[in-house]
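Visitor: Handing you this structure, nothing more for now.
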Amino acid sequence: MACVLLFSRLLPFSHRLRGTTFCLLSLFLSYLCYCSIFSDGSVMPKSADPTSGCQRADRAKRRPQDPVPCLLPPGARRSAARPRAERRRPPAPRAVRNDTPSPPMSHLKFGNKKLPNAIIVGVKKGGTRAVLEFIRIHPDVRAAGTETHFFDRNYDRGLEWYRGLMPRTLESQITMEKTPSYFVTKETPRRISAMAQDTKLIVVVRDPVTRAISDYTQTLSKTPDLPSFQDLAFENQSLGIVDMSWNAIRIGLYALHLENWLRYFPLAQIHFVSGERLITDPAGELARVQDFLGLKRIVTDKHFYFNRTKGFPCLKKPESSGSPRCLGKSKGRTHVQIDRDAIEQLRDFYRPYNVKFYEMVGHDFKWE
Ligand SMILES: Nc1ncnc2c1ncn2[C@@H]1O[C@H](COP(=O)(O)OS(=O)(=O)O)[C@@H](OP(=O)(O)O)[C@H]1O
């Protein structure tokens with residue numbers, strides 16, 4: 001345009017006409033030149049998707065299950081394969097495509113849900129929560145957080161339902177759960193053995209008299225108008241006749257329950273944790289649990305401290321972050337006071353069962 005204005009001032013009309021034509025012609029030639037230089041589309045590529053060309057080129061060689069090669073770190077393979085001229089170009093804009101298949105990151109990151117390799121099967125109020133919380137700080141252990149009650153209450157839901165409750169684990173990790181009522185449920189040993197005969201079993205046992213009082217204390221906290229402990233524990237206290245049908249009493253007959261388990265599992269596949277030693281020497285008990293599970297002894301006394309307020313061992317603050325961890329208020333309640341005579345009567349009642357249990361497992365737990 002500047003050219004046209006200049007000519008209109010300086011030249012007569014006939015000359016002006018020739019000058020304008022010259023000007024338009026040179027503009028047209030410049031345009032043709034521009035188009036020929038950038039005709040390969042590098043100014044505005046047709047497809048902004050950096051993966052599309054790559055997918056097309058490789059598709060013939062790939063099987064459907066193979067990963068899409070263009071999902072590898074951009075540039076790693078493609079820069080070597082591209083012609084030099086193309087490599088000099090500015091990088092194509094990164095496009096977010098919803099239809100690009102995602103790599104299976106969840107699989108890589110979290111592993112798979114597996115049926116448990118080891119189960120804490122009992123006993124109620126034995127210290128089962130403490131064992132699970134202590135063993136699960138081991139990096140090779142992952143555990144279901146809540147009691148699943150699969151083998152006693154939810155068996156009809158099937159193994160896939162059960163598996164769904166498990167945490168994701170890597171190949172090297174073991175899966176665990178705890179449901180203390182399993183130990184006294186008749187069908188459970190058969191059902192666990194039907195799932196996997198090599199399932200490792202852990203039983204946390206505790207003096208059956210203190211266990212019964214602990215059980216009663218828990219029930220009383222939820223049902224304040226419960227009859228007294230003595231009323232429930234004895235059919236006739238003056239004659240020393242214990243009511244074996246009361247659950248709090250029945251659970252403590254360890255020898256009887258164990259007989260049922262030994263029909264389906266060898267003794268070597270069952271590990272017994274002392275509920276008493278779990279409080280006085282948690283690291284020692286955890287060392288034995290780790291050995292039984294075939295784990296490296298990683299959970300050691302470094303991990304515990306005795307919390308005076310709680311009156312129990314708790315987990316120390318992890319090095320990285322977090323805070324010290326004690327079990328909740330429902331663990332370590334102050335027990336209901338039971339008179340000495342009733343306790344002595346219950347000790348007499350349990351003694352033969354305890355002795356039988358010590359013989360069966362080859363260990364004296366010294367419940368006196
Ligand atoms: N470290 C630590 N902290 C708190 N409590 C501990 C610990 N170790 C063992 N225990 C004892 O665990 C008892 C509860 O047992 P369970 O976890 O098996 O109970 S439950 O069956 O799951 O309800 C609980 O019983 P009670 O003292 O009668 O409440 C505790 O004595």
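In case you wondered, yes, glycine gets a Cβ from its N, Cα and C as well.
I grabbed these lines from TrEMBL:
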- LYS125: active site, for sulfotransferase activity (ACT_SITE)
- LYS125, GLY126, GLY127, THR128, ARG129, ARG206, SER214, LYS331, GLY332, ARG333, THR334, HIS335: 3'-phosphoadenylyl sulfate binding site (BINDING)
- 79-91: compositional bias 'Basic residues' (COMPBIAS)
- CYS314-CYS326: disulfide bond (DISULFID)
- 117-351: domain 'Sulfotransferase' (DOMAIN)
- 45-109: region 'Disordered' (REGION)
Visitor: So of SER214, THR334, which of the binding-site residues has the fewest other Cβ atoms within 10 Å around its own Cβ?
Guide: THR334
Visitor: Helix, strand or coil by DSSP: which one applies to SER214 (3'-phosphoadenylyl sulfate binding site)?
Guide: helix
Visitor: Counting Cβ atoms within 10 Å of each candidate's own Cβ, which of the recorded positions LYS125, ARG129 comes out highest?
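Guide: Max Cβ neighbours within 10 Å, all protein chains included: LYS125.
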Visitor: Count the other Cβ atoms sitting within 10 Å of the Cβ of CYS326 (disulfide bond), across every protein chain shown.
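Guide: Taking every protein chain into account, the count is 18.
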Visitor: Could you work out which of the binding-site residues (GLY127, GLY332) has its C-beta surrounded by the smallest number of other C-beta atoms within 10 A?
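Guide: Across GLY127, GLY332, these binding-site residues, the one with fewest Cβ atoms within 10 Å is GLY332.
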Visitor: Taking the residues LYS125, GLY126, GLY127, THR128, ARG129, ARG206, SER214, LYS331, GLY332, ARG333, THR334, HIS335 listed for 3'-phosphoadenylyl sulfate, what is the greatest CA to CA distance in Å, to the nearest whole number?
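Guide: Farthest-apart Cα atoms in LYS125, GLY126, GLY127, THR128, ARG129, ARG206, SER214, LYS331, GLY332, ARG333, THR334, HIS335 are separated by 18 Å.
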Visitor: Where SER214 (3'-phosphoadenylyl sulfate binding site) and CYS326 (disulfide bond) are concerned, what is their Cα separation in Å, rounded?
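Guide: The separation of the Cα atoms works out to 18 Å.
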Visitor: Can you tell me the three-state DSSP label for CYS326 (disulfide bond)?
Guide: coil
Visitor: Taking the Cβ of CYS314 (disulfide bond) as the centre, how many other Cβ atoms fall within a 10 Å radius?
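Guide: Its Cβ shell of radius 10 Å holds 20 other Cβ atoms.
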Visitor: In DSSP terms, helix, strand or coil for GLY332 (3'-phosphoadenylyl sulfate binding site)?
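Guide: DSSP assigns GLY332 (3'-phosphoadenylyl sulfate binding site) to coil.
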